[in-house]
Amino acid sequence: MHARHRGHEAMHAEMVLILIATLVVAQLLLVQWKQRHPRSYNMVTLFQMWVVPLYFTIKLNWWRFLVIWVLFSAVTAFVTFRATRKPLVQTTPRLVYKWFLLIYKISYATGIVGYMAVMFTLFGLNLLFRIKPEDAMDFGISLLFYGLYYGVLERDFAEMCADYMASTIGFYSASGMPTKHLSDSVCAVCGQQIFVDVNEEGIIENTYRLSCNHVFHEFCIRGWCIVGKKQTCPYCKEKVDLKRMFSNPWERPHVMYGQLLDWLRYLVAWQPVIIGLVQGINYILGLE
């Protein structure tokens, strides 16, 4: 290999410069696109997140992933269909947030177990259970991938469904001007009545008041902020203090996990496109 590439140092340097320049330009273009047209950016990113792994799955014959992908896609398609119907059925918001919150918790737990399996293997603890290092590492990386991938997907689908449902209910709009007046006894996320006072302990669910004094079902506002990636009040768009909402230290990792998933979206959705673009440029210029 060294003999074959001897004397090509200038070509290799040129290829590295092309890679760096493409990464910088692509990042700038993606940031501008996201800021100027967030809706189209999110839709295209979601589509790539959904389809790109499917291509590699079929190509590499990863049938276990394909089966899980089909099941997830079928249920999510049904939930998304319910969320985009007009008029909106009263039970739909709860159904949507329950499904995506379930996937969020499963992905969170799967990612943690996968990470622990990888760390145990690195420290050699797998030998205590007579498990081969390559088997233990494959198991850990697989769980980590499943957790992170479906965690990213469900958050993007949940954000899209949250926008559709909130706009249909009428207490939220993209322009910031709600089309309906919010009563003190109605939750702006699901549009249902609030029966438990803020200071009371609910049997099934508590009521939560934001700093803007708007009141919501605790389940709804947590789903809106964490699963649906919204950090503003669904009615007045005042910024939500997530540290105040998640005062319990054991709950704060959910916020950090959500931020990690947002960062991974770029790697899964756009990194293969950028690498393919770099390879295309190198091919056109005759670089190997």
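In case you wondered, yes, glycine gets a Cβ from its N, Cα and C as well.
Where the annotation comes from TrEMBL, it is an automatic prediction and has not been curated.
Residues or ranges marked as transmembrane segment by TrEMBL: 15-33 (among others).
Same-chain residues lying 6 or more positions outside the transmembrane segment (40-56) and placing a CB less than 8 Å from one of its CB atoms are 30, 33-34, 62, 65-66, 69, 73, 149, 152-153, 156-157, 159-160, 265, 268-270, 272-273. Residues annotated as transmembrane segment in TrEMBL: 40-56 (among others).
Summarising the annotation, TrEMBL assigns transmembrane segment to 62-81 (among others). Sequence-distant contacts of the transmembrane segment (62-81) (same chain, at least 6 residues past either end, Cβ-Cβ under 8 Å): 50, 53-54, 56, 95-96, 99-100, 103, 146, 150, 153-154, 157, 160-161.
If one looks beyond the transmembrane segment (102-124) by at least 6 residues along the same chain, the residues whose Cβ comes under 8 Å of a Cβ in the stretch are 72, 133, 136-137, 139-148, 150-151, 154-155, 158, 226-227, 254, 257. For 102-124 (among others), the entry in TrEMBL reads transmembrane segment.
According to TrEMBL, the transmembrane segment annotation covers 136-153 (among others).
Look at TrEMBL and you will find 187-237 tagged as domain 'RING-type'.
Positions annotated as transmembrane segment by TrEMBL: 263-285 (among others).
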